Amino acid sequence: MKNEMTPRGWIRKFGLAFSGLAWAIRTEGSFAVHLPAAALAFSAAALLQFDYGRWSVLILTIGLVIVAELFNTSIECLAKAVDDQPNEHIRVALDVGSAAVLTSSLFAVGVGFFLFWQPFWIWWSPPLAN
C-alpha cells in the first residue's frame, strides 16, 4: 500500500479536493447565488472597514454556507449514483441535505445583520454638526 503521507500524496489529495471544488462551482446552480452574495458581503465589509473580529465571524459564516453546499452536492451526486429510481431513503437524505444549506444560509443572514447593522448605520449617518 502506498504511503499517502508523502508530499506527493498530499499534493495529489489537494489537487483532487480543488478539482471537486471547481466541479461543484461549475455544475451546482446554488453557487451562482452563494458566491456573488459572499463577494457582496466581503466588499461591504471592506467598505465599512471591519475589524479583525468581524472579519473572522464573516469568513467563518460564509465558509459554513459553502461547506454545507458542498456536502449537499456530494449527497446529491452519491444519490444519483446509488439509485435512479424513486427511493424514500434517498429522498429524505436529499431533503435533509437541502435543509442543512437552507438553515446555514438563514443563520448567515442573521449573523450578517448583526455584523453589518452598526457599522452601516455609522457609515450612513451624517456627521453631527458642531
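Cβ coordinates come from backbone N, Cα and C, glycine included.
Lifted from TrEMBL, the feature list:
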{"type": "ACT_SITE", "residues": "Glu69", "note": "active site, proton acceptor"}
{"type": "BINDING", "residues": "Glu28, Glu76", "note": "ATP binding site"}
{"type": "BINDING", "residues": "Glu28, Glu76", "note": "divalent metal cation binding site"}
{"type": "BINDING", "residues": "Glu69, Ser98", "note": "substrate binding site"}
{"type": "TRANSMEM", "residues": "53-71", "note": "transmembrane segment"}
{"type": "TRANSMEM", "residues": "92-117", "note": "transmembrane segment"}
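Geometry remark: Ser98 (substrate binding site) versus Glu28 (ATP binding site), CA distance 13 Å.
Around the residue listed as 'active site, proton acceptor', the same-chain residues six or more apart in sequence whose CB sits under 8 Å from its CB are Ala24, Glu28, Ser30, Phe31, His34, Val101, listed in sequence order. Ser98 (substrate binding site) is surrounded by 16 other CB atoms, counting those within 10 A of its CB over all protein chains shown.
Annotation for Glu76 (ATP binding site): same-chain Cβ neighbours under 8 Å, separated by at least 6 residues, are Leu94, Gly97.
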